[in-house]
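K.L.:
What TrEMBL shows for this protein is this:
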ACT_SITE  Cys466  active site, nucleophile
BINDING   Cys343, Ala344, Ala345, Pro346, Gly347, Gly348, Lys349, Asp367, Asp395, Asp413  S-adenosyl-L-methionine binding site
DOMAIN    251-529  domain 'SAM-dependent MTase RsmB/NOP-type'
Amino acid sequence: MVVLQLASIHLCCLAEKKKDCWSKPSKLGESSVTYRRKGSVQQQQQQQQRKAHKVNLDISPHRAVSAVRLMRIEFGGAFADLLNEKGKGSGDNEMGYVERTLGFCTRDLDDRDLRLVTDIVGGTIRWRKYLDYLILSLCHDPNTFSRMEPLLLQILRIGCYEIVKLDVPSYAVVDENVQLAKVSLRPGAGNMVNGILRNLILLKETNSLPSPRVEGDDRAQARALAILHSHPVWMVRRWIKYLGHEKAIQLMMWNNSDPSFSLRANRGKGFTRSELVSRLETLKVPYELSPHLDDFIRIKTGMQSVIQGGLLKEGLCSVQDESAGLVVSVVDPQPGESILDCCAAPGGKTLFMAACLNGQGMVTAIDINKGRLRILKETAKLQQLHNVITTVHTDLRTFPEDNCVTYDKVLLDAPCSGLGVLSKRADLRWNRKSEDMEQLKNLQDQLLDAASKLVKAGGVLVYSTCSIDPEENEERVAAFLLRHQQEYSIDSAERYISAEFLTQEGYYFSSPVKNNSLDGAFAARLIRQS
């Protein structure tokens, strides 16, 4: 999601405001802004006047905001999706970042600007490795690239992305990005942007863009493919190992495509899919009914209209991928049951399971992150599900020691690499390292052992991830069953999902290279012996 998974744009953005720690001004173009306490009306008016004097109407606002947002994501760990429920990209707060980083303000973003920021930021993050390859190829000295200021590099990446991947007039790309570099940095930076972007345009027009050759041994081929499809080399090698050459490329192409989203009608509010369809038609948002889940609708475009139309803010629907919804299908929540959702925050599956209870039963959501649990509680109240959801702030690994209660069903949606949701979490590919996999596997084993103690005799334990990696999925379940072979056995998911998602072992598995329209996810349904 992490991250960058998308259970709800409203949830993610509330959490983002709490987690974003990149608040110090960059030294590049650092302004002399000082922080003042709220004073008299006259002082506030003076502040507004000073701010107005800093507004630069000659700078493209969506490019300026994109450059600053890219800085925040790369150096501050912020999510790629920073839009709040009003669709104003963190509103005044984000313009504050722009001013502190660039030393000036732009005009406010209109709806067109917001769409452009989303496209540019998402695309630039996805294609970062390839864009850096182009920039390095156009630098006369490799040291020029390695020593390049972060803000200048972001501006160049934006320009290169617009030229190579977007249908934007070349003159506008050059002029606007040169102006941004000159004003936010210095004239010399603008000259560099001018030279590199003009050379890139010439290479594109003559069909001679730099491109690595896919040849040599496996390592060399993986390095070339990593550049061409803009992924870390270790991921490419891993996917070639498990999927083969052709499907690895297919997966990377999916990850680089524009993501589609799914909306779930919130039954807790008595809001049906038919009513959601009517609202989308009123908002003129194109949609497609999910063939897999009765409450879900797919949309490819129009998310901004959904946000501005208040559907999320009113709690009428949630943003939740079908692959995550199918995990809940594997759990099969029934009215009257007691269900434990381990590692629950941000709570997309918790809320869906609670809605399935029809007001009878209880979902207990535990998580180690107190702030995210608080957001889950607020959202449960918004969706009128607070009477069937209770939250507990704890570490699952120690929870069984202090808790004598067992549950009909336990869902462990384990922390994982997120390698199945890279199309929606564009930044995640650059934040994961190969060393993470071993640490994650150890954590997943510990959490599974802890969760297994909380299931009633004859009850159900569901282990799930948003990964497509077998080491996090089938291998973790196999290792668990070896440790608990007298206690647990596999219960095939065939009764709960369609055959296209069923593995030979009886697990649920969705993958972009298998199911085409869904992100990657995995779930194993296990029964505790009586």
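Note: Cβ is positioned from N, Cα and C throughout, glycine not excepted.
For each listed feature, how buried is it and what is near it?
P.N.:
For Cys466 (active site, nucleophile), the count of additional Cβ atoms within 10 Å of its Cβ stands at 31 [all protein chains shown].
Secondary structure at Cys343 (S-adenosyl-L-methionine binding site), as computed by DSSP, is coil. Cβ neighbours of Cys343 (S-adenosyl-L-methionine binding site) (same chain, under 8 Å, six or more residues apart in sequence): Ile366, Asp367, Ile368, Leu396, Leu412, Asp413, Ala414, Pro415, Leu447.
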K.L.:
Would you mind ranking the binding-site residues Ala345, Gly347, Lys349, Asp395 by how many other Cβ atoms sit within 10 Å of each Cβ and giving me the lowest?
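P.N.:
Minimum Cβ neighbour count within 10 Å, taken over the binding-site residues Ala345, Gly347, Lys349, Asp395, occurs at Asp395.
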K.L.:
Please find, for Cys343, Ala344, Ala345, Pro346, Gly347, Gly348, Lys349, Asp367, Asp395, Asp413 as listed binding S-adenosyl-L-methionine, the greatest distance between any two Cα atoms, in Å.
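P.N.:
In whole numbers, the farthest two Cα atoms are 19 Å apart.
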